[in-house]
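K.L.:
Quick paste from TrEMBL:
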type     : residues : note
DOMAIN   : A:19-432 : domain 'Aldehyde dehydrogenase'
ACT_SITE : A:Glu207 : active site
ACT_SITE : A:Cys245 : active site
Amino acid sequence: METELNHMREYYEGGYTKEASWREAQLKGLRSFIIEKQEDIMNALLQDLGKHQVEAFRDEIGTLMKTLNLALKNLKKWMSAKKAELPKIALLTSAEIVPEPFGLVLIISSWNFPFGLSLEPVIGAVAAGNTVVLKPSELSPACSSVLASGLATYLDHKAIKVIQGGPQETQQLLHQRWDKIFFTGSAHVGRIVMSAAVNHLTPVTLELGGKCPAVVDSLSSSWDIEVAVKRIAVGKFGTCAGQACIAIDYVIVEKEYCSKLVELLKVWIKKMFGENPKHTKTISRIVNKHHFFRLKNLLADAKVNESVVYGGSMDEQDLFIEPTILVDPPLEASIMTEEIFGPLLPIITVGKIEDSIKFLRSRPKPLALYVFTKSQTLQRRILSETSSGSLTFNDAILQYAADTLPFGGVGESGFGMYHGKFSFDTFSHHKAIVRRSFLTDFWYRYPPWTLNKLQLLEVSYNYDYLGLLLVVLGLKKPSNRRHF
Amino acid sequence: MSREESQKKKVFDAEAASFLMKELRGNVGSGTTRSYEWRVSQMKALLKLMDENEDHIVDALRSDLDKPPLETVVYEVGMLRNSCEVVLKELKHWMMPEKVKTAIATFPSSAEIVPEPLGVVLVISAWNYPFLLSLDPVVGAIAAGNAVVLKPSEISPATSSLLAKLLEKYMDNSFIRVVEGEVDETTALLQQKWDKIFYTGNGRVGRIVMTAAAKHLTPVVLELGGKSPVVVDSNVNLQVTARRIISGKWGLNNGQACISPDYVITTKNYAPKLVDALKTELENSYGKSPLESKDLSRIVNSNHFARLTKLLDDAKVSGKIVYGGEKDESKLRIAPTLLLDVPRDSLIMGEEIFGPLLPIITVNKLEESIDVINSGTKPLAAYLFTTDNKFKEQFVKTVSAGGMLVNDTALHLVVHTLPFGGVGDSGTGAYHGKFSFDAFTHKKAVLYRSFMGDASIRYPPYTNTKLRLMKALIGGGILNIIRALLGRS
């Protein structure tokens, strides 16, 4: 492995990846891959996760296309130097910030959106001119395999490699020297990644998860309520069966409106996923037995089981779990302390909707916070009194598709961000460059130090041009400084 | 002793750190630090602190480093003043949410990026610019609305204790604290869960900080160092070049600065001319007995004095000293020293010098300098003196460093519109100006959607039409969308 990586470094040092033409070729290659191999991609997703092709397109293929088009359109702009404003006293000097690639980067991806979460960072990394090693998740092996063959075929294999494997391969990779590591996954593994990065002082981006709450206020219009319920249903059950870092984890609603919400959810779950969701195949599968049993165990607790008001049926053979709703399970139960990552939706009731703010503040900062309300007061309060990676009003998941918004966590949900230009920036070192001329040289920069020189330096650094003139002309009185 | 005194004498241990953290988190919950007024009041308090205590600051730095008063006033106090002024001028603008455009994927919607404080942050500072490197990050932390604990370096004890005293007197103690101490106290602090840690210092301790941060998934800024090279071409104004190298090297705490030119690379032919110019200008700046010059800082302590002496005593560099080399251990002074043609595997070329020794390496062709630099770890700064535009551009393109200057040294530190930070071994993250604000801020993405304009293609049950429509929307073009709607694509 070390030899392979050394070759990649040598290739990077050759300077090829820094050329705009190389980067464009890679982005176009990725686009061709997604267009030409779409069927393979969809089949792999169906195989690994039972993901419906429309969901696959909506959440992975479509978003990647959008990102690729954006990157191709803006690449030159992103690569260009940005002039930095200088004070007027800086005669014949120019300053700019130039983005440069880090070098060799490692991207560790996740199993739930194996194409999206692998390739969105890869797009950023190659657009920024880096060489890349991608380690897709072994829990989505069909997708991992399509990625490996696809990238080898469509991209510059000397600069972009896919290394498949499990925890052992990941450990091996983490022992190597990287110029940047981009990790998507759990907080537990995130700690391992960051600790490994210490050795070489490698900068990291950690895209983790958490319990993403949806606060649902009372909505008066029946149209609004219906739209809200649909968005909640698809934001939970319709997004890889809730196995998404930004899926709605649980709902908070006023006691008064709880039963109405539950009734409407039941209606729309049936409309969206059919009377028999296992057979309509519109809901994704649980990825493997380990997670299936993890989810099953969340309902094992008697009190939690009692709180189930809808669904609950599971099929180990098919790794299927029905959309399930719970009302007020105990807050100390695992289902309310751990990230659920599955199609179980607890609804927590509060007296007044404003109480949700205190509830949210007492918990770790989530990757996403969703609030369904038309009250501007509540919107303002939640915006300023809570913290989360992102905050979306009256919808869920969609923020993922917004290129102009940074996508990333805060606190327990991670640090760093990407999407759109933020992807490019996250894989770039922003180098400051100042160019000076020999002509403008101020004698007061140099020792021996005198009070006069001190004054001159002070006024120049504080950009006090008038002061500068007065001191030079001997017209400004020296201030009372005893150390001279 | 009084109760306050005995409390102060108490060791700052894990329990104390935990208590401090709880207290600060509780206070931050009140929302005070989020207000513009509070942040402005703290900036003004810092300015007042400097106005009323400049003499004490100069004295502390004289005690810790024998730093020439001018360096203290201009670099430590002057630069911090500038940072505060920039915040006062720009903060309102920085605090405003940034509206961003939204595209068809989220239509109809509006979006903005809202800067919010991270919470409670830790700033660990260094000993060479103990005033500036402590308070400049603190300025950023406060501007961004955080509570901050400052741990100044114990290697500059007079400044550390002055900072503790002055910050307690002038700043809002509910949110801004100083914890003095050494390894034990720093370890106790690092065990806590901070929302951000900002560390200035060396790579060894940087790794300790990052390891501690990893346990709590705390993001870090590491401002480290490295060997900042100066490449000198033969087509330059030699006098100005020499002065600027001197100014960036000995003029900055006698070479004890993270961005001091560490070593010089020039051609074999040009080296003697450069050495002569440096000798002349060094004498102009510091006189005939620079060891006694009041315009040079001393070496900070006997550890570093011994370290630097070892570099000079290295057998590989004996006979390479062409200027200076004088030492006075009792006063911890080392004179500006030039070494010519040191071997690449000498001790002085193996680590960051951080002192008044300037080795000059020679190459046959100047282009080789790029390979020399790239064979080492990425430095915090790289300097190039040349009038050859082609070489200039090649250098800028192929050498990676935190920051770069052409035809000068160190000045980029002063330009607050430039990010100041390292890359690779020289660190991660950046600050100064708005970059300080950003370093301590979480940029929260906020998306506003309405209940109108609900695209049913998002929802199951999934149909082929929905798929076609989605593809058309992504592929763009109104024609494709119409085709999809009509079921023709």
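The backbone N, Cα and C atoms fix where each Cβ goes, and this holds for glycine too.
TrEMBL labels come from automatic prediction, so no person has curated them.
Give me the lay of the land around each of these features.
P.N.:
Across the domain 'Aldehyde dehydrogenase' (A:19-432), the prediction's mean pLDDT works out to 96.
Counting only residues at least six positions away in the same chain, the Cβ atoms of A:Leu117, A:Phe182, A:Phe183, A:Thr184, A:Gly185, A:Cys245, A:Leu367, A:Phe407, A:Gly408, A:Gly409, A:Gly414, A:Gly416, A:Tyr418 sit under 8 Å from the Cβ of A:Glu207 (active site).
The DSSP secondary structure for A:Cys245 (active site) is coil.
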K.L.:
Taking 10 A as the limit, how many CB atoms besides its own sit near the CB of A:Cys245 (active site)?
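P.N.:
Summing over all protein chains shown, A:Cys245 (active site) has 28 other Cβ atoms within 10 Å.
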